[in-house]
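Copied from TrEMBL, the annotated features are:
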type    : residues                                                 : note
DOMAIN  : 14-186                                                   : domain 'Thiamine phosphate synthase/TenI'
BINDING : Gln33, Leu34, Arg35, Leu36, Lys37, Asn65, Thr104, Lys133 : 4-amino-2-methyl-5-(diphosphooxymethyl)pyrimidine binding site
BINDING : Asp66, Asp85                                             : Mg(2+) binding site
Amino acid sequence: MIPKLHYISQGETPKAHIENIQKACQSGAELVQLRLKNASEKKILKAAQEAREITAHYQTRLIINDHYKIAKEVKADGVHLGKSDTCPTIARKAMYSWQIVGGTANTLEDCENLIAKKVDYIGLGPFRFTITKDNLSPVLGIEGYQSIIESLKKETPIIAIGGLTTDDIPGLLKTGIHGIAVSGEITKNFNTINAFKQLLKSSGDLEEQVWKPKTP
């Protein structure tokens, strides 16, 4: 089962990323993604090893952004691949069978391609403009998610991403997303992890009440 809340690490240095991952784990994060850009593979490997120690201690899942070989080496829970990264099929063959592979999408066609390659989840976005990511794809908004998810009619979990705040969650959940990935809003205040989790949990509870078959 893919967790519903993903924290994507932020920081000016590898050390800052690790410190923020530690804070996220202490605050109850169920899954963190180490997203170190513009760093050497050696530095990313070192950070991944440190992140794995922290997440193992807190029993938090760890995803490595882009680098599937590093994800395998540190025995992370999986890898997240951007649109211009390695093909998910190649990464899957190289990794352990228990590791998960996620992919980035911005359009219906992107999603269909990733589903054909049997990814475990899709990070679909951006929801709105965000300074966290360079070369941002076109913003989707609520209508974009609704349109894509209605067209897909697939069970592959869709994770919304891109400048999300707690105020966005109730409306987004109505589109049929599985969960959310958050970076800046959590890094500003790690206490928001609980707020996000409560919003996601209340949605799950409601869904169960609506769909649970009545016993005679």
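Cβ atoms are placed via backbone N, Cα and C, with glycine included.
Any TrEMBL annotation is an automated prediction that lacks curation.
Sequence features, as recorded in TrEMBL, placed on the structure.
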residue : record                                                         : contacts (Cβ under 8 Å, 6+ apart)
Gln33   : 4-amino-2-methyl-5-(diphosphooxymethyl)pyrimidine binding site : His6, Tyr7, Ile8, Ser9, Leu62, Ile63, Ile64, Asn65, His80, Ala181
Leu34   : 4-amino-2-methyl-5-(diphosphooxymethyl)pyrimidine binding site : Ser9, His17, Ile21, Ile44, Ala47, Ala48, Ala51, Leu62, Ile63, Ile64, Asn65, Ala76
Arg35   : 4-amino-2-methyl-5-(diphosphooxymethyl)pyrimidine binding site : Ile8, Ser9, Gln10, His17, Asn65, His80, Ser183
Leu36   : 4-amino-2-methyl-5-(diphosphooxymethyl)pyrimidine binding site : Ser9, Pro14, His17, Lys43, Ile44, Ala47, Asn65
Asp66   : Mg(2+) binding site                                            : Val79, His80, Leu81, Gly82, Asp85, Thr86
Thr104  : 4-amino-2-methyl-5-(diphosphooxymethyl)pyrimidine binding site : His80, Leu81, Gly82, Lys83, Asp110, Ile122, Gly123, Gly125
Neighbouring C-beta atoms (10 Å sphere around the C-beta of Asn65 (4-amino-2-methyl-5-(diphosphooxymethyl)pyrimidine binding site)): 22
Overall pLDDT of the domain 'Thiamine phosphate synthase/TenI' (14-186), taken as the mean: 95
Candidates Lys37, Asp85: member of the binding-site residues with the richest Cβ shell (10 Å): Asp85
